[in-house]
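S.K.: Dropping a structure here in structure tokens format, bear with me for questions.
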Ligand code: G3D
């Protein structure tokens, strides 16, 4: 068992999970964190550096690193990769014109060795802006445009030629920071994926 695994196992014993939240600026990262914490989401200022917020979810403590997504800040993302258990990548469902840029940045991050052991959760945010009957299709279209496979063990997805994704598990989930749609589902997925992965290594 590698040292990293031992450290991670210790953390899960202490019931702590480190979550790194990234995505382009304006995707709604800070709003999502505030919404999860039941804070007022009407006053949000741009994240110029990073915020760390702790969320208690069931028995687990999630330390969420919300890092600014402006292009000038992206070179600094790598400083936060170490010891990440789950990468949450936030996409603005209404910003289809930015999807190509989003895909480029996501693939750069997915290529990072230091993140390769982490779980990957893609949150397609701002679904409250999309008519209900189009939400499912919107999430599917964004998944396809980003070159992501169906929710599964992406290690086994040899047909995904868009990236060298080697994350353990991935999930794409539509959500809304404003209505809190699927936020509990997202937290459950993070905790369950980390628990299953680290206990499987025993
Ligand atoms: P960031 O941290 O990813 O840069 P922010 O993004 O959390 O600062 O949010 C950027 C803008 O998106 C904010 O609007 C915020 O209110 C809005 N937003 C975030 N989440 C949602 C959501 O779920 N639904 C809708 N409709 N809007 C959302 P402003 O106007 O302040 O720029």
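Each residue, glycine too, has its Cβ placed from N, Cα and C.
Nobody curates TrEMBL annotations by hand; they come from automatic prediction.
From TrEMBL, here are the annotated features:
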| type | residues | note |
| --- | --- | --- |
| BINDING | 23, 24, 25, 26, 27, 28, 29, 30, 69, 125, 126, 127, 128 | GTP binding site |
| BINDING | 30, 47 | Mg(2+) binding site |
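Map the listed features onto the structure and describe their local environment.
M.R.: Under the DSSP three-state reduction, residue 128 (GTP binding site) is assigned to helix.
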S.K.: Let me check the 10 A CB neighbour count of residue 126 (GTP binding site). How many other CB atoms are there?
M.R.: 24
S.K.: Whole-number Å distance between the CA of residue 23 (GTP binding site) and the CA of residue 30 (Mg(2+) binding site)?
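M.R.: Checking the Cα atoms of residue 23 (GTP binding site) and residue 30 (Mg(2+) binding site) gives a distance of 11 Å.
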S.K.: Residue 25 (GTP binding site) to residue 47 (Mg(2+) binding site): how many Å between their Cα atoms?
M.R.: 9
